[in-house]
């Protein structure tokens, strides 16, 4: 039976025990070597997955930075519904397009959760996160270069609402990140046999944006917040979006 295109989806009959989630291609390989992932890093499949995370995150950021833009003379652009639908749709497309390469995690929070659950090796998790950050800079930079200065505005940066404290913003981001990771684990669980997890995950992203955009910008994704912050130099309360939130909330 072939492995699911979603790298964090268990095969029928596989144990969800974290110790058994990472399995060696060759029987007899010490478990610690499988967990570290140095042997895996020598394969073309591994680097294809890393490259996929970079490209997929760049595409994510092209949409993320484009949808909220406030173009002069167009007062209807960048509404909450437009942002929620745009991001939900692009996540669905990325999972369908890149899921069979890397799982289309496009989010250090998700990658770290997969690592904690022993569904990613140390090396793969680190390189995935680096690729996601590079993809964020690449995609955001492309939009920044082709966008007129009078339409850039805050450039999709995520900041805590001035009426809230940073601690309150942290709680909101913890909840949103927990919901996203919870849905991803549930939608990709082979026991439930969901034929199109991309739809469920995309809807979860849209739901979370509608829920938290007025509170914190509904980041849920440190890489998503990194690119825009770099180009417009807005770092206010950036620590709120660190990828440790779902692990803390769990």
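Indices start at 1 and increase along the chain as displayed.
Glycine is treated like the rest: Cβ placed from N, Cα and C.
If you look up TrEMBL, you'll see 54-71 (among others) marked as transmembrane segment. Through the fold, the transmembrane segment (54-71) approaches residues 77-78, 82-83, 86-87, 90-91, 94, 97-98, 102, 104, 106, 131-132, 134-136, 138-140, 142-144, 147, 151-153, 155-156, 223-224, 227-228 of its own chain, all at least 6 residues removed from its boundaries and within a Cβ separation under 8 Å.
Same-chain residues lying 6 or more positions outside the transmembrane segment (83-104) and placing a CB less than 8 Å from one of its CB atoms are 5-8, 48-50, 52-53, 55-56, 59-60, 63-64, 67-68, 114, 128, 197-199, 201-203, 205-207, 209-210, 213. Summarising the annotation, TrEMBL assigns transmembrane segment to 83-104 (among others).
Residues 41, 49-51, 53-62, 64-66, 69, 102, 105-108, 111-112, 114-115, 155-156, 222-224, 226-228, 230-231, 243 of the same chain sit 6 or more residues outside the transmembrane segment (125-147) yet have a Cβ under 8 Å from a Cβ within it. The transmembrane segment annotation in TrEMBL covers 125-147 (among others).
Per TrEMBL, the feature transmembrane segment maps to 167-187 (among others).
The transmembrane segment feature in TrEMBL is assigned to 199-218 (among others).
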